[in-house]
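Visitor: Pasting a structure below so you can have a look.
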Amino acid sequence: MPAIVLIGAQWGDEGKGKATDLLGEQAQWVVRYQGGNNAGHTVVLPDGQDFALHLIPSGILTPGVTNVIGNGVVVDPGVLLDELAGLEARDIDTNRLLISADAHLIMPYHVAIDRVTERYLGKKQIGTTGRGIGPCYQDKIARVGVRVQDVLDEKILRQKVEAALDIKNQILVKVYNRRGLDVDEVVDTVLGQAEKFAGRIADTKLLINQALDRGETVLLEGSQGTLLDVDHGTYPFVTSSNPTSGGACAGSGIGPTRINGVVGILKAYTTRVGAGPFPTELTDDAGENLRKAGGEFGVTTGRSRRTGWFDAVIARYATRVNGITDYFLTKLDVLTGLQTIPVCVAYDVDGERVTEMPMTQTGVHHAVPVYEELPGWWEDVSGARSFEELPANAQAYVKRLEELSGARISAIGVGPGRDQTIVRHTMA
């Protein structure tokens, strides 16, 4: 059986939690392969319970599924324990959660540096969540990071923390005029936290490959979205990892020939959190109405999301760079009640019409959307469970987005509930 990649096709917050929850019903394994607790997703169960998850894969809510925090993820031990405690308090079985020994740990000094750096940048800030994600990935690339397996050997952990604080404290004290961190305090804190998750540490790369050899289905869950990818996103307003499908192999430890399909998640309109270019952004009442109707506030930060119309240029780009085979279109219900719905089909960049993503950062910043107006609908779509039950104009809207995006739309979300989904085709 296959490995299936699930990836956001916009700037994150597309509704990946619901898609993972749906696909997780046919998977035996759900693997988070990059990012950290800088992104969140909400899953609503049939009984009305909603769960906000930031680090743990949303497959944790499906009985019998083994969940993995992969080697490409950066793990804040405190957040991990808080999330586990929150799930267990609501009688969710967390015994089937494993953590890669090769994942990196977000240390207290990563969070401290992330927060003071953003404050120092002021209006020039990138808009990070201040969770220490970027500084942790910096240490990983510089080969001075602390890995999950290091908590199993206090001597190695202490050596790494001492070496790190020799430099980090210089930055905190001399550059930002902040108090330095104490080695013993950091080590003791992390070791104390590790006592509560050490039994979950495993060679997950081996276990995932063995599962595939047995014919089991593995769902590889990315966080954030394509346009936030450090290589393929709107750099420098991006995250520090590769949420695109190519990152799934590196972040989980499986080879590319294991992947059978790539499912992209598209919101029926577009949102973005933080700074950076956003060609279809609405700064008027229409944008505020979308924000309120869609509940567009970040799960992790609570920040208001920027809103705009659907952008087919970035959808086509996401299809190409991810090799997307199927799309899950979310929040179609939010557009109910609009007379017409603009869809961006191209950009005007300094007088030239382009239908593909501009090559340069300047080009993206100069992009002015070229819209096609589609007729809206007034009927309530939240109860539809087949494509044919949707209003004719809603069907036409979906078909047009499918045509513009370059991959079939196989599932459609018509509400926040787990059951409020239309499945048109079997995905992957």
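Quick reminder: no glycine exception, Cβ is built from N, Cα and C everywhere.
Swiss-Prot feature annotations, pasted as is:
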type	residues	note
BINDING	12-18, 40-42, Arg305, 331-333, 413-415	GTP binding site
BINDING	Asp13, Gly40	Mg(2+) binding site
BINDING	Asp13, Glu14, Gly15, Lys16, Asn38, Ala39, Gly40, His41, Thr129, Arg143, Gln224, Thr239, Arg303	IMP binding site
ACT_SITE	Asp13	active site, proton acceptor
ACT_SITE	His41	active site, proton donor
BINDING	Val299, Thr300, Thr301, Gly302, Arg303, Ser304, Arg305	substrate binding site
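Show me how these features fit into the structure around them.
Guide: All protein chains shown were included, and the count of other CB atoms within 10 Å of the CB of Gly40 (Mg(2+) binding site) stands at 19.
A coil conformation is recorded for Gly40 (Mg(2+) binding site) in the three-state DSSP classification, outside any helix or strand.
Sequence-distant neighbours of Ser304 (substrate binding site): residues of the same chain at least 6 apart with a C-beta under 8 Å from its C-beta are Arg291, Glu296, Phe297, Gly298.
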Visitor: Inside 10 Å of the Cβ of Gly12 (GTP binding site), count up the other Cβ atoms and send me the figure.
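Guide: The Cβ of Gly12 (GTP binding site) has 30 Cβ neighbours within 10 Å.
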Visitor: Tell me, if you would, which residue among Gly15, Gly302 (binding-site residues) has the fewest other CB atoms within 10 Å in the structure shown?
Guide: Gly302
Visitor: Can you check which residue among the binding-site residues Lys18, Arg303, Arg305 has the largest number of Cβ atoms within 10 Å of its own?
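Guide: The largest 10 Å Cβ neighbour count belongs to Lys18.
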Visitor: Nearest by CA distance to Leu332 (GTP binding site): which of the binding-site residues is it, out of Asp13, Gly40, Gly302, Arg303, Arg305?
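Guide: When the Cα distances are compared, Asp13 comes out closest.
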Visitor: Of all the binding-site residues given, namely Asn38, Gln224, Arg303, Arg305, which is spatially nearest to Gly12 (GTP binding site) at the Cα level?
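Guide: Among Asn38, Gln224, Arg303, Arg305, Gln224.
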Visitor: Which three-state DSSP class does Leu332 (GTP binding site) fall into?
Guide: helix
